[in-house]
Amino acid sequence: MTSDFVPQTLRQLFIFAVYYSLSFTLTFVNYVEPSMASQPISILKGSVTEDPLAALLPHYIKKSNIDPYLTRNVTTQVGQTAYLHCIVNLVGERTYLESAQPASSQSSEVSWIRLKDFHLLTVGQYTYTSDTRFQSVYMHISNDWALQIKYPQVADEGLYECQISSFPSKSVYFRLWVVVPEARIVEGPDMYVEVGSSINLTCIIMDSPEAPAYVFWYHENRMINYDSTRGSITVQKGGGNTAVSRLRIRDAQPGDSGNYTCAPSNADTVSSLVYVVKGEKQAVVQNMEGTSTQRGISLNVDYALLLAALLLICCLRR
């Protein structure tokens, strides 16, 4: 029995290798065919297509279909595990290959292909890539053949194909977007606060599909405690793919001046320099503007004297 099983297995693998080679070739031709250039939307939206090569396959598989209501665009952030969900309905319980025993497993029916380099990633629950970040995950209750991508990077963006080797075969396409969260402090790089008032800083983390696991705040090199008696820190999900963290320090004193840093778990840090001064913030600004105005007046006087000297020289030469 073992001696018969090995040739049969090798033959099945050979058939699948030939099929996917032909399928990749046809897909490549379709992508460069001029007549297809005006129809990219159907691919981006994940349209279901029939593969004419399926008629050439020496096997029969019960007719399958893919749930047409799946969301085809998937957005994840760098480093966060992504899942492309491909729900398959009415897949036959048995797969029949030429000269092969009927098999009760469905492991050879669903394949995942990365289209930018036409790389076969998985067939059923078997992985055909050396990149161990890719794995097929099957959820029996929902008939979901999900492609799992661990630690995704921006380079992983692009189109992925979930292919059902039914008769005729069908495919659905997913576009993966990998975003890099970015943090910024709304109040800007500099902030002036009057002694006795509150320091309020707002840190917005943009392009963050999921709220960060934590957001730490630092004053210079010292981390600010969440339960500080004079201060408070809040983190909440904002609108869209944003998260918001707010820092508040009551009764600000000159010793509270310095560099404040927002450090989210999923983005680079961002800082703001806070000045705690005696008197109104406007007075500080006016003082700075006054200094600038005095410098401007001084420069204008210098230019006037220089111009007068030039005119005097011209008159003397005449």
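Just so you know, glycine gets a Cβ as well, placed from its N, Cα and C.
Annotated features in TrEMBL:
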| type | residues | note |
| --- | --- | --- |
| TRANSMEM | 12-32 | transmembrane segment |
| DOMAIN | 58-173 | domain 'Ig-like' |
| DOMAIN | 181-274 | domain 'Ig-like' |
*Please average pLDDT over the domain 'Ig-like' (58-173) for the predicted structure.*
75
*For the domain 'Ig-like' (181-274), DSSP counts of helix, strand and coil?*
3 helix, 50 strand, 41 coil
